[in-house]
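> Encoded as structure tokens, here's the structure I'll be asking about.
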Amino acid sequence: MQAWPFPQLPKLPGQGRNLRVLDTAHGGVRTLDLGPTVRLYACGITPYDATHLGHAFTYLTYDLVQRVLRDAGHEVRYVQNVTDVDDPLLERATRDGIDWRDLARREIDLFRADMTALRILPPDHYVGVVEAVGLIVDMVSQLVERGAAYSVDGDLYFSVAAAPDFGQVAHLDPAQMLVSCAEHGGDPGRPGKKDPLDPLLWRAERPGEPSWPSPFGPGRPGWHVECSAIARHYLGATIDIQGGGSDLAFPHHECSAAHAEVANGARPFARAYVHTALVSLDGHKMSKSRGNLEFVSRLLARGADPAAIRLALLQHHHTVEWEWTAAAMPAAVERLDRWRAAVALPSGPDFRPVLAEVRDRLADDLDAPGALAAVDAWAAAALAAGSGSGEADDQAPATVRDTVDALLGVDLGPVLPRGT
Ligand code: 5CA
Ligand code: ZN
């Protein structure tokens, strides 16, 4: 399906550093060993409700990853899926009395509009499960051939015992795995399974549910295998970075990796697993199922500047959980005003230290708060000096504006013609 438009990306002087990032599977921050082309996969939305700020924070993480990688001279191939058929989507459509396809279409359109407003770099391939059923059936068939699948009353399950590295993504102990499995769409208590953790690969047709033909009978894909199959088709058997919110580490990324590794015969599935910490509201993780949400579209409808929403998110490190509060927007607007005023000056302090610092901060595990502090310091110095500083550089405002645009994705507005 169609993604959303690619925003402008100014070219900056010089080149950025290699990315160091917290890799969940490795258990620490490390410099990624990347080739000229980096293959990135981020798990996309289940389109049954509008984009909340938690989703936006997660997609901002992979936007920053791409900006840092591109600035360091890499080409990025980026794929994102859409879980456009799954239990929560079907349940919501039934509850609201609308067709599940119409619900998905409406929410995907809204997501695209939100991503465009926030200037999130789009994927090269934006792929819905419905359009990828053939790829998914191929992967499930291979898992069946490899003896890694079995049937429980017609539903196909993957045997985690077939995956030697199962557990190496999230590093949970067995009791934690069971809890997390039950909380995230698994069915550890279902009788007839070989291991309570075995995930569903193919769900046999139920009355009133959408289904597709397959060699294992009509039905629909299980959740985890959609990402393994889509990633393999568009990026190959081994990818560089698998991303998503930290709620996806287990069981989703663990199981997607296990499916891919057994089907492809290549380990590991992803060289690094980058997870975004969850955003809360009213003391709980923002979630569609709980309903404690603040939507990007609602903020925009109330007249919020999308650049200010982006700044409000950038104020947080992607590995630290945080809570959205009403104070976030006024603070971001105030910062945005300061930055806009500073880049509108005819000259300002040398741009090189701030460019170097923003690059270094972002390459160091996407330290967005550190990058904001560097721009704050430059803007404060520029505004304090006004236009009369003897040390001032008349290229600085434009280059800082480009730095903030290219690396942080924040649009500070057009360059004012000289003399205005
Ligand atoms: N379609 C699946 C992935 S294949 C899914 O998890 N969809 S989702 O709509 O529930 O979430 C979309 C993305 O937003 C996921 O990466 C998820 O981890 C992330 N996410 C969900 N809630 C939050 C939150 N409160 N804070 C940060 N990220 C979140
Ligand atoms: Zn996924």
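Glycine residues also receive a Cβ, built from the backbone N, Cα and C atoms like all the rest.
Pulled from TrEMBL, these are the listed features:
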DOMAIN    37-332  domain 'tRNA synthetases class I catalytic'
BINDING   Cys43, Cys227, His252  Zn(2+) binding site
BINDING   Cys43, Gly44, Ile45, Thr46, Thr58, Asn81, Val82, Thr83, Trp223, Gly245, Ser246, Asp247, Val279  L-cysteinyl-5'-AMP binding site
MOTIF     45-55  motif ''HIGH' region'
MOTIF     183-188  motif ''ERGGDP' region'
MOTIF     285-289  motif ''KMSKS' region'
> Counting every protein chain present, what is the number of Cβ atoms, excluding its own, within 10 Å of the Cβ of Ile45 (L-cysteinyl-5'-AMP binding site)?
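Summing over all protein chains shown, Ile45 (L-cysteinyl-5'-AMP binding site) has 25 other Cβ atoms within 10 Å.
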> Among the binding-site residues Cys43, Val82, Cys227, which have a Cβ atom lying under 6 Å from any atom of ligand 2?
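If the test is a Cβ under 6 Å from any atom of ligand 2, the answer is Cys43, Cys227.
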> Are there residues at least six beyond either end of the motif ''HIGH' region' (45-55) with Cβ under 8 Å to its Cβ atoms? List them, or say none.
82-84, 86, 88-89, 92-93, 103-104, 106-108, 110-111, 114-115, 245, 278-279, 281, 285-288, 293-298, 309, 313, 324
> Filter the candidate list Cys43, Thr58, Val82, Trp223 of binding-site residues, keeping only entries whose CB is under 6 Å from an atom of ligand 1.
Cys43, Thr58
> Cβ under 8 Å, sequence separation of at least 6 from the ends of the motif ''ERGGDP' region' (183-188): give me the contacting residues as numbers and ranges.
87, 196-197, 199-200, 223, 247-248, 250-252
> Given the binding-site residues Ile45, Thr58, Val82, Ser246, Val279, find the one whose Cα is closest in space to the Cα of Cys227 (Zn(2+) binding site).
Val82
> Based on DSSP, tally up the residues of the motif ''ERGGDP' region' (183-188) by helix, strand and coil.
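Each residue of the motif ''ERGGDP' region' (183-188) counted once, the result is 1 helix, 0 strand, 5 coil.
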